[in-house]
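Asks: Residues or ranges marked as active site, proton acceptor in Swiss-Prot (evidence: sequence analysis): D88. The annotation NAD(+) binding site is assigned in Swiss-Prot to D88, G89, R93, N162, E163, K173, N192, T203, A204, Y205, S206, F207, S208, Q262 on the grounds of sequence analysis.
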Amino acid sequence: MRVYIAHNGCLEAEPIYGTICELVAQRKMSVITDPHARNNESARNTDSGVVSLNQAGRNKYLDQETTSPATSRSINVPFCAGISIGGDGTFLRMARDLKNTGTPLFGVNMGRMGFLVDIEPEDIVNLVENIVKGEYTEEKRLPITASVQRGGKKIHDEWAVNEITIERKVEGKVVDIEVFVDGCRVMDISCNGIIIATATGSTAYSFSSGGPIVWPEMKVTLVVPVSPHELFAKPIVLPDNRSILLKVTSRDNKVVLCSDGQVRLCLQSGDEIACHVGKVPVVFGRVKKGCFAEHLVKKFNLQTA
């Protein structure tokens with residue numbers, strides 16, 4: 001059995017990382033870590049046989065696909081669990097590494113809010129026991145995918161848990177975008193960007209840009225303009241079986257494609273981005289009981305009294 005561990009690289013997370021590696025190794029499971037954790041002294045001192053992705057041989061574990069200027073990767077061997085130590089960014093990086101594998105993902109919260117990660121550092125012993133015994137529930141969340149066409153040829157595929165966005169590359173510039181739903185042009189906008197978000201991503205960038213909060217089990221896709229110049233350019237909620245096409249009409253090419261907050265590709269005028277819901281779900285492992293409403297109240301510190 002293999003456990004994949006993602007680490008945010010911060011000193012504060014090292015003791016937690018080392019402890020988890022030791023707990024996992026004590027239960028006769030092998031540990032593969034992401035490159036951020038490969039120089040971690042806490043793990044090396046556990047004598048637990050912890051192996052980084054690079055040490056294990058990247059070609060053995062990784063499917064590499066390089067499209068200038070971004071490089072995407074995914075791991076092509078099975079893991080019984082993935083554990084991230086950090087905030088939402090670390091969790092999202094782990095989800096990307098393990099995409100399309102069906103691996104249950106768990107997050108230990110070392111960040112400020114950590115909306116996607118719900119395990120506190122003091123609960124890591126119980127977490128490992130729950131994983132070993134299979135005592136956890138699974139929430140299946142559908143990702144969002146995008147395919148970029150340039151001059152009639154596909155040049156890039158993208159994947160995200162929360163959102164795929166088209167954004168301006170330079171401050172002070174706007175992005176001109178045509179939005180099509182099922183082949184019908186529904187919006188021509190000048191804006192700072194546009195967000196195509198999943199239900200899971202409704203509490204992330206979409207929320208901060210005026211999009212609605214959507215319960216994660218809802219099968220919908222959100223289209224949310226960022227600071228649009230048009231008066232009636234409002235967020236749209238679509239069933240997840242609708243096709244969404246974005247066409248870049250900006251003339252200066254100062255536009256980028258991002259997934260889960262990371263720049264993946266520089267776009268050009270005329271590029272077309274087709275967005276669809278992914279077919280293979282992301283599996284969130286849960287060891288705590290609780291409803292989404294309670295999670296909202298806690299994470300956003302809502303005043304309910």
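One is the number of the first residue shown, and numbering goes on along the chain from there.
Cβ coordinates come from backbone N, Cα and C, glycine included.
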Asks: Could you say which of the binding-site residues N192, S206, S208 has its Cβ with the most other Cβ atoms inside 10 Å?
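Replies: Result of the Cβ crowding comparison: S206.
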Asks: Quick one: pull the CA-CA distance for A204 (NAD(+) binding site) versus the residue listed as 'active site, proton acceptor', whole Å only.
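Replies: So the alpha carbons of A204 (NAD(+) binding site) and the residue listed as 'active site, proton acceptor' sit roughly 10 Å from each other.
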Asks: C-alpha of S208 (NAD(+) binding site) to C-alpha of D88 (active site, proton acceptor): distance in Å?
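Replies: D88 (active site, proton acceptor) has its Cα 15 Å from the Cα of S208 (NAD(+) binding site).
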Asks: List nothing but the one residue from D88, E163 whose Cβ has the fewest other Cβ atoms within 10 Å; the candidates are the recorded positions.
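Replies: Looking at the recorded positions D88, E163, the Cβ with the fewest others within 10 Å is that of D88.
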Asks: Using Cβ-Cβ distances, find the residues under 8 Å from R93 (NAD(+) binding site) that belong to the same chain and are at least 6 apart in sequence, listing them in sequence order.
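Replies: Listed in sequence order: A6, D34, S84.
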Asks: In Å, how long is the longest CA to CA span across D88, G89, R93, N162, E163, K173, N192, T203, A204, Y205, S206, F207, S208, Q262, which the record gives as the NAD(+) binders?
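Replies: Spelled out: the longest distance between any two Cα atoms in D88, G89, R93, N162, E163, K173, N192, T203, A204, Y205, S206, F207, S208, Q262 is 29 Å.
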Asks: Taking just the CA atoms, what is the gap between N192 (NAD(+) binding site) and the residue listed as 'active site, proton acceptor' in Å?
Replies: 24
